[in-house]
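Below is one structure, written out as structure tokens, with a few remarks after it.
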Amino acid sequence: MLKILLPMTALLLTTTICKPKQLWPTTSINTFGIALLSLQWFKPSQELTMSFSNYYTSIDYISAPLLTLSCWLTPLMILASQNHLIMEPISRKRTFIFITTLLQISLVLAFSATELIMFFIMFETTLIPTLAIITRWGNQMERLNAGTYFLFYTLIGSLPLLIALLSLQNQIGTLSTYMIQLNQPTMLNTWAHTTWWFALLTAFMIKMPLYGLHLWLPKAHVEAPIAGSMILAAVLLKLGGYGIIRIMPTLNPLSKTLSYPFMVLALWGVIMTGSICLRQTDLKSLIAYSSVSHMGLVIAATLTQTQWAYTGAITLMIAHGLTSSMLFCLANTNYERTHSRTLLLARNMQLLYPLMGLWWLLTSLANMAIPPTINLMGELTIIASLFNWSNITILATGLGTIITATYTLYMLSTTQWGGTPSFIKMMPPTHTREHLLMILHILPMTLLMMKPELIWNTFY
């Protein structure tokens, strides 16, 4: 673990003392080095024990894929933000990289924490850098409103979680995730334990987010700069799923009855948010609502608590992290040229940017979960495990899959084909940096297609 944390801490120092002209190359090389070092964490996914462990942190088959994803996304965020920050003074560029690195450190510590209270502290720590990125580097004035929504939705769910964790500590004397599994708390069907059950899960449901608690997400995505949208969609939402997977073993047998409303909301949300996507005119908002739809499947899977469901949930989280991050990058390339997020004002882009058209096609196909993508692996495993749990879920998951394909094709056809808007007279060309960014999203997805057991062996 120190092999990764030390270079991250060194990067904080490098950012402050680096020469202005060398700032982007130095930070990009450093973060890519950290990303490559993090690939060694895939080793624990082949084992059923902890690795790289000490008293406070460890890595196992659940956290390894998410940790690697967090490290992989940081250099991509820095690459994607260079054009956005081109007019900023050097001090603000340094601040941006400093905040991004702090966010990466807090995410790594959150995913590797062995104590639930340390996980909670790091879970809350990620709020501060994300809020700074949204409210300082967002584009419109509404970013302050979006930041407030993001902050208060998360904090309202987090206070009951803190109280529930402290009561758990008082009851069994430890908050270690591994000790809790050996020393299960007694769960009775009383009002006190029911309230405690809801308190433990609500914060993670808001973070995922569950349909009905999702209003902060489209606002935060639409107003955030490209780096904010990427890390929010790719990694921060996954903190909720990871938290549910870690906390669920302590909540039996109450979960068998109390999880029904959450299951119904999650599966209903898959259909409803997919339908909302069909009516969107804002490209970033469409991608944000599609995230809610995919995360609904993950919530439903984690609540069934079967090995297949957990495997599918982890697989879909990794697949969605890379796909949605790439979709936001593509939306940003359109925005930087047309200065509008409206779908109808950026039509026929395939004629103007043929190679970008290829990236749009590949990402849309991945979002639709066509074979042989890891998106399909995750969704099929979840659908099969939910069908095993209850036959009627196939109605919601099947309809959700059809709606996902429909709105993805709607997004692709609207942006890539049709008549070129008359106000477009001259468009700047695409840059190698942007194509490199797309390749670095597609590459992990392709490698995982060829060797899926890196994440597929998670539980099964």
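Glycine is treated like the rest: Cβ placed from N, Cα and C.
Whatever TrEMBL says is automated annotation, not expert-curated.
Per TrEMBL, the features are:
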| type | residues | note |
| --- | --- | --- |
| DOMAIN | 1-110 | domain 'NADH:ubiquinone oxidoreductase chain 4 N-terminal' |
| DOMAIN | 113-403 | domain 'NADH:quinone oxidoreductase/Mrp antiporter transmembrane' |
| SIGNAL | 1-20 | signal peptide |
| TRANSMEM | 61-81 | transmembrane segment |
| TRANSMEM | 93-111 | transmembrane segment |
| TRANSMEM | 117-137 | transmembrane segment |
| TRANSMEM | 149-168 | transmembrane segment |
| TRANSMEM | 196-217 | transmembrane segment |
| TRANSMEM | 224-245 | transmembrane segment |
| TRANSMEM | 257-278 | transmembrane segment |
| TRANSMEM | 285-303 | transmembrane segment |
| TRANSMEM | 309-330 | transmembrane segment |
| TRANSMEM | 351-370 | transmembrane segment |
| TRANSMEM | 390-412 | transmembrane segment |
| TRANSMEM | 433-450 | transmembrane segment |
Within-chain partners of the transmembrane segment (61-81) [C-beta distance under 8 Å, separation at least 6 from its ends]:
4, 24, 27-28, 31-32, 34-35, 37-39, 41-48, 96-97, 100-101, 104, 107-108, 111-112, 137, 225-227, 230-231, 234-235, 238, 242, 245-246, 310, 314, 317-318, 321-322, 325, 329, 332, 433, 436-437, 440-441, 444, 454-455, 457-459
How about long-range neighbours of the transmembrane segment (351-370): same chain, 6 or more residues beyond its ends, C-beta under 8 Å?
290, 319, 322-324, 326-327, 330, 333, 376, 378-379, 401, 404-405, 408-409, 411-412, 415-416, 420, 424, 427, 430, 434-435, 438, 441-442, 445
Have the transmembrane segment (117-137) and the transmembrane segment (309-330) got at least three CB pairs under 8 Å, pairs 6 or more apart in sequence?
no
Summary of DSSP states over the domain 'NADH:ubiquinone oxidoreductase chain 4 N-terminal' (1-110), given as helix, strand and coil counts:
83 helix, 3 strand, 24 coil
Is it true that the transmembrane segment (390-412) and the transmembrane segment (257-278) have 3 or more CB pairs under 8 Å, sequence gap of 6 or more?
yes
Any contact between the transmembrane segment (93-111) and the transmembrane segment (433-450)? By contact I mean 3+ C-beta pairs closer than 8 Å, pairs at least 6 apart along the chain.
no
When you look at the transmembrane segment (196-217) alongside the transmembrane segment (257-278), do they share 3+ Cβ pairs under 8 Å, ignoring any pair fewer than 6 residues apart in sequence?
yes
Sequence-remote contacts (6 or more beyond its ends) of the transmembrane segment (196-217), Cβ cut-off under 8 Å?
123, 146, 149-150, 153-154, 156-158, 160-161, 163-165, 167-168, 187, 232, 236-237, 239-241, 243-244, 247, 250-251, 254-255, 258, 262, 265-266, 268-270, 272-273, 288, 291-292, 295-296, 298-299
Cβ under 8 Å to the transmembrane segment (149-168), counting only same-chain residues 6 or more beyond its ends: which ones?
116-117, 120, 123-124, 127, 130-131, 134, 175, 180, 185, 196, 198-200, 202-207, 209, 213, 215-216, 219-220, 250
If you average per-residue pLDDT over the domain 'NADH:ubiquinone oxidoreductase chain 4 N-terminal' (1-110), what number do you get?
87
